[in-house]
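Presented below is the structure to which this report refers.
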Amino acid sequence: ARMLSWWSLLVALCYCLVSCDARRRHWPWAQRTDVSGKCILKLFSIQSGKSGDPHVMPMMFAMGKDLPFDAGKYDMCLKIPTARYFLLTLSLENPKVGLPGMGGIKSIPLEVGLCLPDVCSPQDIKQLFTEVWAENPPFNLPKKVEKLTKFGNLTARSVVAPQVDTEYMPVEGYVAMASVLALMVVVASVTLMHELTERRLAAAQAMEDEEECHRLEQLMKWRLLSVFSAKTSWMKLTSPSSEAAKPTDHLNGMRVVSMFWIVTGHSFLMAAAIAGYENPEAVVGTGAVGDVRFQFVIGGHIAVDSFFYMSGFLLAHLVVKEVQKKGTRINLKYVSAAVFYRWIRLTPSLAFLLLCYYKIAMYAGDGPFFPRFQHSVRRRCDGYWWTELLYTINIFPWDPDAVCMGWTWYLGCDFIFYIFTFVILAAYIQRKWLGWLVMIGTCILCWAMTAHTVWTKRIGIYLFDGVYEQYSYHAYSRPWNRFPAYAVGVGTAFVYQQAQDSNWRRIPPYTLMFLNAAALATMVYITVIPVTTFRYPNAWTRLQNVMYICFGRPLWSLGLAILSCSCISCSTPRTPPMGDSFSAKSEASVVLIDKSVRTWRAVLPADPLSPIQFVNRVFSGQIWVPLARLTYSAYLVHPIIIKLLAANTHTYYHFSYTSICERTAANCLLSYILAFFIYILVERPMLALIESVGAKTKS
């Protein structure tokens, strides 16, 4: 105790001497009483060149040297025994001179990585910068920091020390990991048992052992053995689509291509939110925002409307066909069963990934940006994780930025549309005009609500200023913003069913080609026209913003509907005008097609050079079938991959189209690989159990 008291007295004496010497030298750090004395002593000794610490030079080498974004050398700093890495986030408030393309922004973010003595805390560094370093940057900090003070108020927003601020996995995280591993062991064990049973059954059949064959056949019928077998799931995944689904096989290719486009947009946007880009000048101002190619990078938000179109079309088409074929009545019991089936079909995979994201992924890694990733997960998921499982995320929480897995807003909208579509279908089955009236009236109401919000709040779609925050909050993910695109799919199903029932005459080939060309041109126009408000930020008037936000998405769905119906026409037989049969000539043979046969095989051979035939053949290929079945899981998992990769990088991304393509390819590959495991572990087993329970309930 006596020795400790002497040491304390000695430290206090040194602190006083340094403080007096600092005041004598007009060095203001020591005047800060809320900065730790050890940090002041260490920094002063380094600044004066009297520390004798051999690690001072490596610290300087590991620091960031440039603005606006330079993370320095994170790995080098971690290897210095007496150093600690800090990520200093600055903000140039109310800049006197705005950056090109960011004129409407009131705060310009800046970041730099620092490698300083480990006796300093993030609070010390933030306080020292606020009081001193903004005017006199030490240790070869960027001189731009000093110069920027002439153009605005430079403040320190936050200082993060990854070695201190990174959270470590709690007990529930290890429990979640153990649960996932246990599930993998169960699937692997059942798969092995299933394979061994099949081999023993084949050997018993070869030896004609009837008793053994009967016993093994009974074992093969054990439901658990087939449900959790990876081999069975693989066979289901790669099996061709059913005969009844052949006319709509082209939707498989469209679904996968739309998924790739969404991953492309998220590879740019989500990575920017976690790690960011070291060359923002290559994006804003005279950079990529004025380039048409950039619209194809960030245009993935339109691809979501492709999913809405396909969901609306398939639901309405299948339900109307079931009602006509089986006489099913759409009542409360039918709707309740359908909604429950959909909930139990979608939720297991969502719950599994929510567990992995919230309890495992947020602790998997390190890096200068990893605390930022952890904070974003913690901030959103701590209070509202349960809303993901109830699909209320578009209404509660009201703030889209408070949703735990923000990209699942699509599932919330789709679930609401799924329920409301039964109201439209019930009206349509009673009176066709009544169904159309309900659907069109709802669309008009949705347009009116969206237009009022966009007009009164002056919302625009420009990405890099505060206006876009209003757009994403009020006019992007709300159900009334997206329903018209979904309604186009429902209306297309009505038109298609009416054409089949009334045996409409087919559209002449040249007219059909013109319609498809117009549809494709409209879709391209919807994609690239925002370049005019990106090249000149917020150049659109309020009326132009209203027109694009309200009608751009349903026009995209309408164009997709024309292309889709044209592909269906290539896979649907023509009813002959007279007679019981007719001949279809081709270059190879003459095929007799019965009039009563209405399957996908009864197809009149068309010109093989026809663009529509070519598109249908490409998108209907068997290669798309397993990928389309994995799309749901891939959609859920791909943002987790993008965020994790960005959180674990040790430097900022460099923006270029080549880099975006490389990261998109990697993200797509990893997403579908993980989606395959999710399909085998969770999605397919749960679907098989649901089908088994449903079959028993029906019987």
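Just so it is clear, glycine is given a Cβ too, placed from its N, Cα and C backbone atoms.
Mean per-residue pLDDT, taken over the domain 'Acyltransferase 3' (251-679), amounts to 88. The feature domain 'Acyltransferase 3' is assigned by TrEMBL to 251-679.
Residues annotated as signal peptide in TrEMBL: 1-22.
For 173-193 (among others), the entry in TrEMBL reads transmembrane segment.
Marked as transmembrane segment by TrEMBL: 256-277 (among others).
With a threshold of 8 Å between CB atoms, the same-chain residues lying at least 6 positions outside the transmembrane segment (297-320) that come near it are 248, 251, 254-255, 258-259, 261-266, 268-269, 288, 330, 410, 413-414, 417-418, 421-422, 424-425, 428-429, 463, 476, 482, 485-490, 492-494, 496-497, 526-527, 552-553, 556-557, 560-561, 564, 657, 660. Residues annotated as transmembrane segment in TrEMBL: 297-320 (among others).
The transmembrane segment annotation in TrEMBL covers 340-360 (among others). Remote same-chain residues near the transmembrane segment (340-360) are listed as 169, 172-173, 176-177, 179-180, 377, 381, 385, 388-389, 391, 404-405, 408, 411, 415, 418, 632-633, 636-637, 640, 678, 681-683, 686-687, 690, 694 (criterion: CB distance under 8 Å, separation of at least six residues from the stretch ends).
Sequence annotations record features per position, and here TrEMBL assigns transmembrane segment to 407-429 (among others).
As annotated by TrEMBL, transmembrane segment applies to 436-455 (among others). Within the chain carrying the transmembrane segment (436-455), a Cβ under 8 angstroms from the stretch's Cβ atoms is held by residues 420, 423-424, 427-428, 474-475, 478, 480-481, 483-484, 487, 490-491, 494, 542, 545-546, 549-551, 554, all 6 or more beyond its ends.
Summarising the annotation, TrEMBL assigns transmembrane segment to 512-534 (among others).
Per TrEMBL, the feature transmembrane segment maps to 664-682 (among others).
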- request: Verify whether three or more Cβ pairs under 8 angstroms connect the transmembrane segment (512-534) with the transmembrane segment (256-277), leaving out any pair fewer than 6 apart in sequence.
  value: no
- request: Report, as numbers and ranges, which residues of the same chain sit near the transmembrane segment (664-682): CB under 8 Å and 6 or more residues beyond its ends.
  value: 183-184, 187, 230, 233-234, 237, 259-260, 263-264, 266-267, 348-349, 352-353, 627, 629-634, 636-638, 641-642, 645
Intrachain neighbours beyond the transmembrane segment (173-193), with Cβ under 8 angstroms and 6 or more residues off its ends: 224-225, 228-231, 355-356, 359-360, 363, 680-682, 685
- line: Per the Cβ under 8 Å criterion, with at least 6 residues separating them from its ends, the transmembrane segment (407-429) contacts 266, 304, 307-308, 311-312, 315-316, 319-320, 323, 330, 335, 338-339, 342-343, 346, 350, 388, 391-395, 400, 435-439, 442, 477, 479, 482-483, 486, 490, 494, 635-636, 639
